[in-house]
């Protein structure tokens with residue numbers, strides 16, 4: 001009866017969690033900064049950010065190209081996450097005044113030489129986009145498209161505008177490079193009817209390429225004939241475009257228009273975060289839930305066929321097959337808790353997995369509450385790094401507890417390995433990738449100051465916390481095995497082909513990966529195609545399903561393994577669910593060749609390097625979930641039965 005009560009409580013708890021998760025599936029947005037009111041005529045500070053390209057994945061500073069510059073370039077203060085993302089936020093030469101429209105403002109004039117023309121052409125070839133910021137809102141290009149299902153036009157927003165474009169003149173086949181040198185900005189604002197103050201709720205641009213013309217010699221007071229605020233002459237898309245060639249003159253201009261909007265300040269990010277594929281996410285969740293229900297049924301059957309019969313004092317078995325099956329796992333009771341080979345390494349990986357799990361869970365909770373919204377630029381990465389550091393306490397605790405269970409005595413050695421093994425592997429890959437980025441002179445290269453900060457977080461905070469956790473864990477009394485371990489190991493009989501360790505481990509990773517692969521597509525698209533990802537409610541649901549799937553598939557395969565009198569379950573339980581990382585990396589390779597247009601070798605190396613780090617982290621995370629599920633299962637079944 002106790003088993004049934006326990007199952008019932010778990011079902012009720014699971015239902016409550018599911019309902020709460022569905023309630024927050026659409027993560028709500030809490031703005032990251034306080035709103036700022038602007039009176040008419042107030043100066044608006046436009047900032048420029050990095051140049052980005054989905055073809056190279058190498059960000060560059062805005063002023064790495066010979067754009068017009070302010071008298072003094074001032075770098076904005078950036079958090080750790082922004083620096084690691086390659087953001088370089090600086091002041092811009094644009095001058096806006098609140099609710100005062102401007103037409104054909106001349107920003108400056110640049111004479112191209114061979115070097116600067118080549119630099120512009122390279123960035124146009126690689127489809128680089130210019131990113132700007134106004135009142136913490138990113139600059140977007142509105143694009144109208146017609147949805148095939150609805151037939152009505154809808155507006156989508158692309159982050160930043162292209163540096164330029166390639167094309168041909170009419171009647172010519174020669175490919176030319178054209179510069180977007182005229183920007184038509186639209187600032188949307190929401191006005192307070194009582195105070196007449198306004199808040200910015202949108203920042204849009206339409207870029208044009210236009211060969212500006214003027215009469216006489218160039219001076220600061222020269223009036224253009226292609227656009228003129230005095231005659232209300234606007235730039236039109238049919239104007240002659242501006243070529244990018246050596247010794248060509250480029251004049252940069254801009255318009256600013258202010259449009260009142262009904263959108264309130266608290267909702268200004270909705271247009272950026274609006275997701276049109278919610279149905280796909282729900283399909284993913286329903287698909288994953290079907291897998292969970294199937295596995296839950298199998299686990300329930302195993303529990304009923306083992307625990308219930310033993311609690312009922314071994315009722316007479318119906319068939320000889322059942323007798324043989326139940327005898328199988330009971331026969332290895334004297335070896336099932338024998339410490340595995342390389343038990344120290346297993347302790348280290350389990351502790352690291354606990355560290356990963358804690359970081360991911362707390363990050364998702366903060367993200368669902370809105371604290372890590374896109375308005376808090378770099379906040380997500382900063383939070384993950386800091387949480388990883390502080391979760392070192394739990395890593396040390398978990399690894400030393402398991403180590404003491406294996407009758408280990410040198411807890412400091414385990415703490416040292418836990419503190420250094422996983423971070424050292426990740427750091428080695430990261431340093432190689434950073435060297436490649438340095439070689440490309442990209443702003444994505446981590447500066448020495450930031451590198452020092454990362455090393456301090458690791459050695460100064462994370463490592464001591466791991467040792468503190470290990471000390472606390474080792475002080476606790478060890479977990480007692482439910483059955484005694486024989487002195488002489490039992491011989492494992494020859495196994496059927498489908499119980500081969502490699503085969504069963506690889507099979508075990510398919511279902512956990514299947515639970516997340518649809519959501520994985522959206523995450524990869526967000527990272528590598530420069531789009532926003534802010535559906536952490538869906539992601540949390542998928543992550544819960546992933547944990548349940550990892551636990552259940554490991555329990556099922558562990559049970560079959562014990563029934564075939566193979567008691568070497570420790571490492572296999574970890575590797576069974578952890579093997580889903582192999583499929584994650586293979587899917588990342590598939591995504592690279594089918595969805596991305598990366599052609600440079602360095603960019604490809606960056607992609608696979610970062611995905612290798614992600615897959616490694618996924619391995620220790622899922623492996624630890626499977627291991628703890630299996631540990632709980634084996635302790636439960638061997639403590640609930642009477643061993644003759």
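From the backbone N, Cα and C atoms, a Cβ is placed for every residue, glycine too.
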Swiss-Prot: matching membrane side for residue 248 and residue 376: yes
352-372, 478-498 - the one Swiss-Prot records as transmembrane segment: 352-372
The transmembrane segment (601-621) in contact with the transmembrane segment (352-372), cutoff 8 A, at least 3 CB pairs, sep 6+: yes
Stretch-level contact, the transmembrane segment (452-472) and the transmembrane segment (378-398), CB cutoff 8 A, at least 3 pairs: yes
When counting Cβ pairs under 8 Å to the transmembrane segment (502-522), the leader among 352-372, 419-439, 535-555, 574-594: 574-594
